[in-house]
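Have a look at the structure that comes next, please.
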Amino acid sequence: MIKYYNRKNKDYDIEKVAGEKYLNWTYSSPIGMNLLEVFIKKKFFSKIYGFYCDRRLSHKKINKFINDFKIDMSLSENQSSNFKCFNDFFTRKLKKEARPIKTDKNLLISPGDGKILAYENLNLNSVTEVKGINYSFYELINNDSLAKEYDNGTCLVLRLCPTDYHRFHFIDNGICENTIKLKGFYYSVNPIALSKIPSVFCKNKREYSIFHSENFGDIIFMEVGATCVGSIIQTYKPNTKILKGDEKGYFKFGGSTVILFFKKNTIKIDNDILNQSKLGYETSVVMGESIGIKK
């Protein structure tokens, strides 16, 4: 059971997890864990499933998925009958009015839909995941000199579950450098998995780029892959002018994570998100929603 904070009704909700029985079996049974290490965490498994989700045969999954998880298709640019395959549906674009952008330059917005955690006064040797598992920022970024620039800064971890909108966006005007890709495995990023596999974010395939924002300084913008995420697709053009809310990219099928790192004294995260993070609870947010303010 995954409990998260709903800031709209100021109460806790229970997340309905796609493939929950499979996740629990894989990460809680000896057979499942052995299968995970031998096969499921490997690129080959995610590629196979990604291949299926790119084929017309997978279209039959769409309506069941929509009904099971009560996905509001009135927000989508296209309806279910217009999608060619499951990945076409999974990476669907939303109507512009579905995700209004807070235009005030001092407001920090969420880069996507999902559940968010926030950490201030970043300790480079110990960043805390869901369930209290720690990992090293040095190991995550694999660049010690760059990592040191973010000592005592702020970290935001946005977890996108399979039922979420899976495109991610820029949080400010600015210019973004080329993407750096780091090889890794494909463990699940669901809290069920995070509690069983130490330092998942450091072990999984991930990509990051430096975003030179106009109002929040230089930000490390990282995307982390997960089980069945066949691809992390970057749609932005490096080293060109970017506007707040512009699309940066998207994930193909699977749960995935966006992580942002800010330098010291650049932002102040909203108190409700910070307080819930300290209690160990994620907060649900949508792309374009205000989550903090410029210092």
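Each Cβ is built from the backbone N, Cα and C atoms, and glycine gets one as well.
Grabbed the feature section from Swiss-Prot, which reads as follows:
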MOD_RES   SER256  pyruvic acid (Ser)
ACT_SITE  SER256  active site, schiff-base intermediate with substrate
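Looking at the shown structure, what environment does each listed feature sit in?
Mapped onto three states, the DSSP output places SER256 (pyruvic acid (Ser)) in strand.
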Applying a 10 Å Cβ distance cut-off over all chains shown, what neighbour count does SER256 (pyruvic acid (Ser)) have?
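The answer is 30 other Cβ atoms.
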